[in-house]
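J.: OK, TrEMBL features for this one:
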type	residues	note
DOMAIN	14-101	domain 'Ribosome maturation protein SDO1/SBDS N-terminal'
DOMAIN	110-211	domain 'Ribosome maturation protein SDO1/SBDS central'
REGION	141-179	region 'Disordered'
COMPBIAS	168-177	compositional bias 'Basic and acidic residues'
DOMAIN	250-306	domain 'Ribosome maturation protein SDO1/SBDS C-terminal'
Amino acid sequence: MQINQPSNQIRLTNVSLVRLKKGKKRFEIACYKNKVLEYRSGIETDLDNVLQIPNVFLSVSKGQTAPTQDLAKAFGAKTSVDDIIQEILKKGEMQVGEKERHAQVERIHNEVVDIVAGKLVDPKSKRVYTAGMIEKALEQLSSQGAQHKQEDQGKGTSGTATPTAEGEEGKGKKKELPTWTGVVTTKSTKSQALEAMKALIAWQPIPVSRARMKLRVTCPSNILKQAVKRTAKKAVQEDGEEDEGEKATGTVKDRILSYIEQVETQDTEGQEWEVVGFVEPGAFKGLGEFIGGETKGRGRVEVLDMAVVREGD
């Protein structure tokens, strides 16, 4: 007796799955191992090299493809299959094997170390540390964090292993210091780099402080009170998230000062306003673009020191 298999079933094996829930349905695509990360990082751009088959599934394991009406309801009737696949690839949750997970963790770890190494310096020499030295310091913190966790679980809240800030704020609670236990795949690289820097600064396995640039900004005084003319670019915070706060509104002067963490001097001579202060290295590009665009080339940003450590960090 012949058994007719459903026409919408396709059997696939040895795949990496990417899942996206949308419109109360879960959609899946079947990809070649390691190719999803390459696609998301921009290394691979050809979908044919990423997908095992250019179909959208309700269940890859069952070989059940997604009906056209389900796709139209979830993604829109005019959205092509290629666009749907690209959305799933970019936004979906990747189901990976042990090797792929290890490769992903290693990549994130290396990116975090590189970011941290570029933003922390020795407070005395102002010199940056090598990636290897930062990596060893983070490994030390990771081991320390795991030990604290085990001790806390064994002793409960009565133990002394929970890290606290020096001293107590009056009779209030002790403030816990940031800890580091290694990278995860569920957070952005930039946010994890920020967490790593906070832990390094708090625990000081090696002497570190945030590196800051010392800049001189000059601008014609007659445009300082003008409102920002064009739509300002979103400012990027330390955690990597985009911020549409004060930097996108106000006067030209307000916008310039919003980039500067600490103003050292501020003065007006004749028709020119000058401010000297300290900024995060990541804000330098945005400040330069803003000055160039709003002043039409009449303003300037000069670097006085590439890595200045402000006292009191």
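One-based numbering along the chain as shown.
Including glycine, each Cβ sits where the backbone N, Cα and C put it.
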J.: Give the residue counts of the domain 'Ribosome maturation protein SDO1/SBDS C-terminal' (250-306) per reduced DSSP state, in the order helix, strand, coil.
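T.: Its residues divide into 23 helix, 24 strand, 10 coil.
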J.: According to DSSP, how is the domain 'Ribosome maturation protein SDO1/SBDS N-terminal' (14-101) divided among helix, strand and coil residues?
T.: 32 helix, 23 strand, 33 coil
